[in-house]
Amino acid sequence: QIFNQHNAEAPNLEQAFHRMAQMEPNLDHDVSWFLLPSYWAKMVVALISFLCFANSYDGDFVFDDSEAIINNKDLRAETPLGDLWYHDFWGSKLSSNTSHKSYRPLTVLTFRINYLFAGGFYPVGFHVINIILHCTISVLMVDVFSILLGGLQFSNKGRRLNLAPKSSLLAALLFAVHPVHTECVAGIVGRADLLCALFFLLSFLGYCKAFRENKEGYTFSVFWVLVSVILGAIAMLCKEQGITILGLNAVFDALVINKINLLELIRKLLYKDKSLENAGLLRKGLLFRITLLMCGGASILYIRWRIMGTGPPAFTEVDNPASFADSLFVRAINYNYYYSLNAWLLLCPWWLCFDWSMGCIPLIKSVSDWRIIALAALWFCLIGLICQALCSEDSHKRRILTLGLGFLIIPFLPASNLFFRVGFVIAERVIYLPSIGYCILFTYGFSLLSKQAKKKKILAVAVLGILLINVMRCTLRSSQWRSEEQLFRSALSVCPLNAKVHYNVGKNLADKGNQSAAIKYYREAVRLNPKYVHAMNNLGNILKERNELHEAEELLSLAVQIQPDFAAAWMNLGIVQNSLRRFEEAEQSYWTAIKHRKKYPDCYYNLGRLYADLNRHIDALNAWRNATVLKPEHSLAWNNMIILLDNTGNLAQAEAVGREALELIPNDHSLMFSLANVLGKSQKYKESEALFLKAIKANPNAASYHGNLAVLYHRWGNLDLAKKHYEVSLKLDPTAPGTKENYNLLRRKLEQLQKKGG
């Protein structure tokens, strides 16, 4: 449906649109920058944005990628597609108390498509899509900035005019090469921000497409307004910030389409001026469009609320310490300090860190803290800009500053702690959209300086230098995101007080087998945050493996004391107590772990081992059976069941369990080996031989596989083959128990046979 808009008292909007270029100053007039045709401008922006992040294409899965992608069952084909709409970003049910409540089903859907096309967890495809998305967004920014900086105007043929080609190119380049975007592009989890930004911009461009000029007057299309609302909903289904585009569309409509003077409007509202209609607020169409946007936004939020439930996400004090402060003053001061740090990252993105929590930014607790200066500087700048945006007599200046501030502040509101607690102190990824506002303000500031400067080329060279520095910074930072080791170590110099940084460096070292170095970083993490239960748990695990059982027990006991529902720590405490032969305490710890995590196959496995040590065979078998029910691919539990049944003489039952296990895990050589032993004792030599050979093919360097196959041949009477495999086994492990004795027995038997034959 198309609506015509006429106003007898005010100038016709069609005429205003045609006269805008003459009446308002052109931003490009004073900007000393490159002037390129639209096609070439977009090609340049695409190429430079690609060069900034191209070296991240073959990076690993790092940091949050493990939880959001590798451990997320929603990516696998066996998970019904419908589950994506009832799970959070990390694959947990939204109804769960542990859910993060981050509802991004469309982002998870793209991860799932990546996984299916790649045939597994191969990060290259994931990274390539992220790079392509950022390049696409940067290209769209040329059009977006041309509207925000030059206004929405059309030619006589109805084609949109770009009245700020140089300024829009500069702003798009600033956006494309901003180093703060590295986390979104080089970190695969940043896909949520990229997809959100893509549909955010499409929603804005769709809203602009709703307006047209013709000879009869100024028209708008309800269809395109609704399309804009739908695209905003899609943006929100990629990430929560997407909903803010509806508010920005309303601001754009009021300022650019209807040219409302906010200060004049406020005055007339305060004094109840009867000429309010002339201010533009009640012009036909504006309230209707804003009503559509508000109804659309309310509907989207209601549907999301119904799906995710009313319960807020459960964050801890270490995630966002300011939000847990008792004093409202302390909370307010620190929130504002966080805002100033976000602003500084936009202005000077040199110190970047994958995580800013856990002591990285100590709380401001009094006005005597020197960091208060940052708050004062932030609000001095903001108040100055707001005053200029409201009070300037230059309508062009008012429009650009208001749009710049709008795009800077409104997309940031969901991360501001004003409406609800967020799970971070600072997150570079949430500045992706607000950086649009920064680029508008930077470009406008550059135009003002160019207007005053006598040597404009020097100023242009300086801005070009900033762009080149940002390109180099992006390249360096994206290389740091290629692996966890580089990423975590890069944070040590930025946030040396961040316990999580030391924890992650330690975890990375432990995963690589460097336990001594890992212990050092885990200890530092616990020193920086004495309540860091995950660091205690991991440190306790390493000490347990190094047989430092008493210190391990102290750490794990402290961890469960701090967090009584920490199931993994309870299980590890049980393992340590079992090793110390305190079996009753170990059993109690295992059951406590299971109480807090009902589906805990590894805990049932360890409980089974405890029962086996106590010769409680039926309890052990039941525990291991529970482990395999919860996790059918739990190879160790299956193996222990087979071995226990074999050792207790229940060969038929052991064989049945072994066959059941191999049906579920057909390529597990340890299961083949265990079942082959059972079949050999049952004198099913041919089948046993086949399984032994299959196991050896899968793992040719296992001495026990060759040794037990040799025993089979020895029993079977195939003495030459027995001799061959005894020798292979002894070559692989000269100290293999029993093998040397069996080999000597065989040699004596062969010598006797040779004498008889002789």
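Positions of Cβ are set from backbone N, Cα and C atoms, glycine also.
In TrEMBL, annotation is done automatically, which means it is predicted and not curated.
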Transmembrane segment per TrEMBL - which of 403-424, 557-578: 403-424
TrEMBL annotation of transmembrane segment - which of the ranges 286-305, 326-345 it falls on: 286-305
For the transmembrane segment (243-266), distant same-chain residues with Cβ under 8 A (at least six beyond the ends): 13, 16, 147, 151-152, 200, 203-204, 207-208, 211, 228-229, 231-233, 235-236, 276, 279-281, 283, 286, 289-290, 293-294, 296-297, 300-301, 389-391, 395, 398-399, 402-403, 406-407, 410-411, 413-414, 433
Tertiary contacts of the transmembrane segment (33-54), as residues 6+ beyond its ends and Cβ separation under 8 Å: 130-131, 134-135, 138-139, 141-142, 162, 165-170, 172-173, 176-177, 182, 185-186, 460, 463, 470-471, 474-475, 478
Remote residues contacting the repeat 'TPR' (703-736) - C-beta distance under 8 A, at least 6 residues beyond either end: 669, 673, 676-677, 680, 685, 688-689, 692-693, 695-696, 742-743, 746-747, 749-750, 753
The transmembrane segment (131-151) in contact with the transmembrane segment (286-305), cutoff 8 A, at least 3 CB pairs, sep 6+: no
Remote residues contacting the transmembrane segment (458-476) - C-beta distance under 8 A, at least 6 residues beyond either end: 32-33, 48, 51-53, 55, 170, 173-174, 177-179, 181-182, 349-350, 446, 449-450
The repeat 'TPR' (499-532), counted residue by residue under DSSP: helix, strand, coil: 27 helix, 0 strand, 7 coil
Chain residues outside the transmembrane segment (372-391) and at least six past its termini with a C-beta under 8 angstroms from it: 262-263, 333, 336-337, 339-341, 343-344, 364, 397-398, 401-402, 404-405, 441
For the transmembrane segment (403-424), sequence-distant contacts whose Cβ falls under 8 Å of one of its Cβ atoms, 6 or more beyond its ends: 100, 148, 200, 240-241, 243-245, 247-248, 251-252, 255-256, 312-313, 315, 319-320, 322-323, 331, 335, 338-339, 342, 355-357, 382, 385-386, 389, 430-431, 433-434, 436-438, 440-441, 444
DSSP-derived helix, strand and coil totals, residue by residue, for the repeat 'TPR' (533-566): 27 helix, 0 strand, 7 coil
Residue counts (helix, strand, coil, in that order) that DSSP gives for the repeat 'TPR' (703-736): 28 helix, 0 strand, 6 coil
